[in-house]
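Student: Feature annotation from TrEMBL assigns transmembrane segment to 34-62, 82-106, 131-152, 164-183, 203-230.
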Amino acid sequence: MKNKERIDRILQNGYELDFGDVFNKSFEVYKKSIWMILLGILVVGMITAVLVILLFSVIFGIQLNDFISLDPAVSTIGGSVSYFLSTTLFGIVIAALLGPVNAGFLKVCKDAKDNKEPSFSSIFQYYSSEYLGNIIVATVILSIVSGVFSFISQFMLSMLFLNYIFSIIFSTLTVLIIPLIIFKDFNAMQAIEYSIKLVSKNFLMVFLLILVGTLASFLGVFLCGIGILFSLPFLYAVYFCTYDAIVGDDESSEIDEIGTGEVY
């Protein structure tokens, strides 16, 4: 497979990431894609709210209004193993259902980078694409791994801070999975393997990009909360531009010409 061979060369030769360049490109993509992604977030938010209402009592065995009101009969479940497992299962279901939307947001960013008019239909196109199965499989695997580690750190080791550290490292190593599936036609297991390998070649720089992108996207919280709707699309722009800087989209990409580039 041509894509696999190309990425194998990147792994062999290494790659460079210019923080300023990726950040500037992310901002340009953000300016072109913000309104479409914002609209998508609003629509998906409403759909998610409906899903939560419909699935909450099925998975938890508790009425949502009872849980919200902290009824004494259910207010102590927060620290139980059964509650944790139910919460994890609930999170896996929601993540699997929304995985294709995250892919759609990245597609909008790619269209913006390619100077194409972002389309609202792009946000939902992967629900009917050949990549749907691999997107869901990858999302479920990541959710299960994250859930298992959370269980170990919280209930077996009683060290919740380990879960935060793991989440930071895990989310950085796996940031390229969805782009590799939808842009390079990798299956779920290949995408997981190659995302970890690629990020590991320059982990610190990728981590810094994701960290700064995350912090920037949450600045909207300080603007009466609703501002996060306008800043969150920036994080998707950072995700895409980080992928684009590492892998690229065509054979003439500079990343192929690095040769034995120095890895930082």
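Using N, Cα and C of the backbone, Cβ positions are placed for all residues, glycine too.
Could you tell me the structural context for the features on the list?
Tutor: Beyond the transmembrane segment (82-106), the same-chain residues lying 6 or more positions past its ends with a Cβ under 8 Å from any Cβ of the stretch are 37, 40, 44, 48, 51-52, 55-56, 59-61, 122-127, 129, 131-132, 135-136, 138-140, 142-144, 147, 150-151, 154-155, 178-179, 181-182, 233, 236, 239-240, 243.
Residues 17, 19, 22-23, 26, 34, 38, 41-42, 168, 171-173, 175, 237-239, 242, 246, 264 of the same chain, all 6+ positions outside the transmembrane segment (203-230), place their C-beta atoms under 8 angstroms from a C-beta of that stretch.
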Student: State the non-local partners of the transmembrane segment (131-152) in its own chain: residues 6+ outside its ends, Cβ under 8 Å from one of its Cβ atoms.
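Tutor: For the transmembrane segment (131-152), the list is 81, 84-85, 88, 91-92, 95-96, 99-100, 103, 162-163, 166-167, 170, 174, 177-178, 181-182, 185-188, 191-192.
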